[in-house]
Amino acid sequence: MELRFPRFSQGLAQDPTTRRIWFGIATAHDFESHDDITEERLYQNIFASHFGQLAIIFLWTSGNLFHVAWQGNFESWIQDPLHVRPIAHAIWDPHFGQPAVEAFTRGGAAGPVNIAYSGVYQWWYTIGLRTNEDLYTGALFLLFLSTLSLIAGWLHLQPKWKPSLSWFKNAESRLNHHLSGLFGVSSLAWTGHLVHVAIPASRGEYVRWNNFLDVLPYPQGLGPLLTGQWNLYAQNPDSSNHLFGTAQGAGTAILTLLGGFHPQTQSLWLTDMAHHHLAIAFIFLIAGHMYRTNFGIGHSIKDLLEAHTPPGGRLGRGHKGLYDTINNSIHFQLGLALASLGVITSLVAQHMYSLPPYAFIAQDFTTQAALYTHHQYIAGFIMTGAFAHGAIFFIRDYNPEQNEDNVLARMLDHKEAIISHLSWASLFLGFHTLGLYVHNDVMLAFGTPEKQILIEPIFAQWIQSAHGKTTYGFDILLSSTNGPAFNAGRSLWLPGWLNAVNENSNSLFLTIGPGDFLVHHAIALGLHTTTLILVKGALDARGSKLMPDKKDFGYSFPCDGPGRGGTCDISAWDAFYLAVFWMLNTIGWVTFYWHWKHITLWQGNVSQFNESSTYLMGWLRDYLWLNSSQLINGYNPFGMNSLSVWAWMFLFGHLVWATGFMFLISWRGYWQELIETLAWAHERTPLANLIRWRDKPVALSIVQARLVGLAHFSVGYIFTYAAFLIASTSGKFG
């Protein structure tokens, strides 16, 4: 018999319909469901695929470096980072007429180019790269790493090199190696790079392999380290009139705690960042020696979990049984990893604009907006994925006997209380926030703006004041000049920090008012509702009062036949599917808020945000409509301009988004009838009837159509907003 796709499932391979193709694609990565899979082979396959993932990442980043070196303007951008536009790569497009060629020839290039809004120029400049040759070297090195990863992946699939199951289940050793090796050693190496290459480069000293061993990063070398006078490394830092990349105003310190920003670059002090990475390295190198392996010293995680019984007996048997539950479930581990990574990605978004680490990136407004939005959306997808795999854990891996009366079992036992509390919080936030917005909207419409309900966010302002913001007049903690906290940090990082917090040209602790209060609660509504749907999906994944035997149907069942009413749309997959819409809309509100607040800040008219953000029409008219004018102008009677590509993408994004509804709102029977009619016509048309299907065409299943609809909705939604964001920001600020 011929081998048909999918090889991993003989049952599917013999399916006579097009279902074979779609179900084959859908389950290609669900190794657990493949024929002849064993637990050991499952772990080995996943392990080997990680090397493939690394190879792709290294190849991609290598491509970034290569194209900028080949077609970019890195060397001229360095001369004037604030006025030269960084080029990502050239555009070769046979459709371009003369107006298009002229519109896209920018940044000192000879032909049409794309402008880089990713921040790579600022990053490479900050870490000490200075020439195109440096970029080519980096690209080649990453290409080498990519090849190495592919070889490693292939190697670990060979019989002699396949790790055993016991190796994968050795949690303590893996933790030690990841904490010490991944985090500890890499942070130490990065500190080394910053101290030996980046900091000298910021002071006009060019360190490469040829002079690496000759140039001392600090005049006294290792002397202060060996004699215990570590404070010497912080003495004589760069002055406030230091010109980045030159010796003018430069100091000699390498590990400092200055606080605040470098006045010229508006970014964190490089010497502060080196100090930070050294501290991180120190912590993780110690943490990586915490767990007991074959040396018989350190903690055994299992012993820790078993020994800890919560006081008062209110949490049952505490953490007993958790070690094996987590260690034997790949989905539990993936869920934990995704939850952590999702939070970290969102934190990256929040911190990259408020505490910018890269030189001059704070003054590149479009890049700031693009990076914030990018990281928030990525975080949203990763976080929803955490709950998806949590639900799969409950269905495939959870063993009630093993977890009797421990914290995990008790979560399931009182899931009704958890879900109903989340539901109450969502309803409260939703009705009150919408009520305020609608009330204010009506007052504006009736011409009585003074009757709006405007609430000052006094608690948030108090927190900002505690961190040193003096605008609001709260005399508290760091904004109080006679408190112990103020006096303790006065000789160290505090002056730099306070200067940064109270200088209104950056994004650190922006002044907030009633508009912020309202949108904050709108976002809280979105977060709580998304969480409600995800948590309910995971906690009800094994069964509910309506369908106690749900776990027997797997993760993504459509219904249990026509005879059981109410079993449609209640699989854990359906909860994930619904939550993604809420996630996208919530991040929509987050990014609208961030972008509008910053546009008005950068343009110097913050009153526009303050006055218009308290009612719905303000958001629709003064943010969305007003800022889409650049897009609508991408093509006009006078020809085209450099925003045309975004105008086209804006339209195309709407098209993709709207296509999603074709899959989401019409059901399977309609498509099945349509397909049968088309097949009939096909078979009776000359020439067309010479081509026959090997598989009988059938409509997508309900679950598959939802997935396709969701994919189009998500992609269209993000494309549309990306075009809007980049065009409206770059159109204003060049």
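Including glycine, each Cβ sits where the backbone N, Cα and C put it.
The [4Fe-4S] cluster binding site annotation in Swiss-Prot covers Cys559, Cys568. In the structure as shown, the Cβ atom of Cys568 ([4Fe-4S] cluster binding site) sits within 10 Å of 14 other Cβ atoms. DSSP gives Cys568 ([4Fe-4S] cluster binding site) a coil state; it is part of no helix or strand.
Of all Cβ atoms in the shown protein chains, 15 besides its own fall within 10 Å of the Cβ of His654 (chlorophyll a B1 binding site). Residues annotated as chlorophyll a B1 binding site in Swiss-Prot, with sequence analysis given as evidence: His654.
The annotation chlorophyll a B3 binding site is assigned in Swiss-Prot to Met662, Tyr670 on the grounds of sequence analysis. Neighbour count (other Cβ atoms within 10 Å of the Cβ, all protein chains): 13 for Met662 (chlorophyll a B3 binding site).
DSSP assigns Trp671 (phylloquinone binding site) to a helix. Residue environment of Trp671 (phylloquinone binding site) contains 16 other Cβ atoms, counted within 10 Å of its Cβ in all protein chains. For Trp671, the entry in Swiss-Prot reads phylloquinone binding site.
Residues of the same chain lying 6 or more positions beyond the ends of the transmembrane segment (46-69) and with a Cβ under 8 Å from any Cβ of it are 31, 87-89, 116, 118, 120-121, 124, 132-133, 135-136, 138-140, 142-143, 145-147, 149-150, 152-154, 156-157, 163, 168, 330. Residues or ranges marked as transmembrane segment by Swiss-Prot: 46-69 (among others).
Under the heading transmembrane segment, Swiss-Prot lists 135-158 (among others), citing sequence analysis as support. If one looks beyond the transmembrane segment (135-158) by at least 6 residues along the same chain, the residues whose Cβ comes under 8 Å of a Cβ in the stretch are 44, 47-52, 54-56, 58-59, 61-63, 65-66, 68-69, 72, 74, 124, 129.
Proximity of distant same-chain residues to the transmembrane segment (175-199), defined by a Cβ-Cβ separation under 8 Å and at least 6 residues beyond the stretch ends, is recorded for 126-128, 207, 212, 215, 217-218, 254-255, 270-271, 273-274, 277-278, 280-281, 283-285, 287-291, 293, 301. Sequence annotations record features per position, and here Swiss-Prot assigns transmembrane segment to 175-199 (among others) based on sequence analysis.
Annotation comment: Swiss-Prot describes 273-291 (among others) as transmembrane segment, evidence class sequence analysis. Through the fold, the transmembrane segment (273-291) approaches residues 171-173, 175-181, 183-185, 187-188, 190-191, 194-195, 198-199, 234, 254-257, 298-301, 357 of its own chain, all at least 6 residues removed from its boundaries and within a Cβ separation under 8 Å.
Under the heading transmembrane segment, Swiss-Prot lists 330-353 (among others), citing sequence analysis as support. Residues 42-43, 46, 361-362, 368, 371-376, 378-380, 382-383, 385-387, 389-390, 392-393, 396-397, 507, 594, 598 of the same chain sit 6 or more residues outside the transmembrane segment (330-353) yet have a Cβ under 8 Å from a Cβ within it.
If one looks beyond the transmembrane segment (369-395) by at least 6 residues along the same chain, the residues whose Cβ comes under 8 Å of a Cβ in the stretch are 117-119, 329, 331-332, 334-336, 338-339, 341-343, 345-346, 348-349, 352-353, 412, 530, 534-535, 537-539, 541-542, 551, 554-555, 572-573, 575-576, 579-580, 583-584, 586-587, 590-591, 594-595, 598, 718, 721-722, 725-726, 729. What Swiss-Prot lists as transmembrane segment is 369-395 (among others).
Annotation source Swiss-Prot lists transmembrane segment at 417-439 (among others), citing sequence analysis.
Same-chain residues lying 6+ beyond the ends of the transmembrane segment (517-535) with a Cβ under 8 Å from its Cβ atoms: 384, 387, 418-419, 422-423, 425-426, 429-430, 432-433, 436-437, 455-457, 460, 575-576, 578-579, 582-583, 585-586, 589-590, 593, 613-614. Feature annotation from Swiss-Prot assigns transmembrane segment to 517-535 (among others); the stated evidence is sequence analysis.
Marked as transmembrane segment by Swiss-Prot on the basis of sequence analysis: 575-596 (among others).
When Cβ-Cβ distances below 8 Å are used as the criterion, the transmembrane segment (643-665) is approached by residues 100, 103-104, 628, 630-635, 700, 705-706, 708-724, 726-727, 730-731 of the same chain, each at least six residues removed from its ends. For 643-665 (among others), the entry in Swiss-Prot reads transmembrane segment.
Swiss-Prot lists 707-727 (among others) with the feature transmembrane segment. Proximity of distant same-chain residues to the transmembrane segment (707-727), defined by a Cβ-Cβ separation under 8 Å and at least 6 residues beyond the stretch ends, is recorded for 26, 117, 366, 369-370, 373, 377, 577, 580-581, 584, 588, 591, 595, 627-628, 630-631, 634, 643, 646-647, 649-650, 652-664, 700.
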Excluding its own, the Cβ atoms lying within 10 Å of the Cβ of Tyr670 (chlorophyll a B3 binding site) add up to 10
Whole-number Å distance separating the Cα atoms of Met662 (chlorophyll a B3 binding site) and Cys559 ([4Fe-4S] cluster binding site) is 21
Cβ-Cβ distance under 8 Å, sequence separation of 6 or more, same chain as Cys559 ([4Fe-4S] cluster binding site); the residues meeting this, in order, are Thr567, Cys568, Asp569
Mapped onto three states, the DSSP assignment of His654 (chlorophyll a B1 binding site) reads helix
Three-class DSSP assignment, Cys559 ([4Fe-4S] cluster binding site), comes back as coil
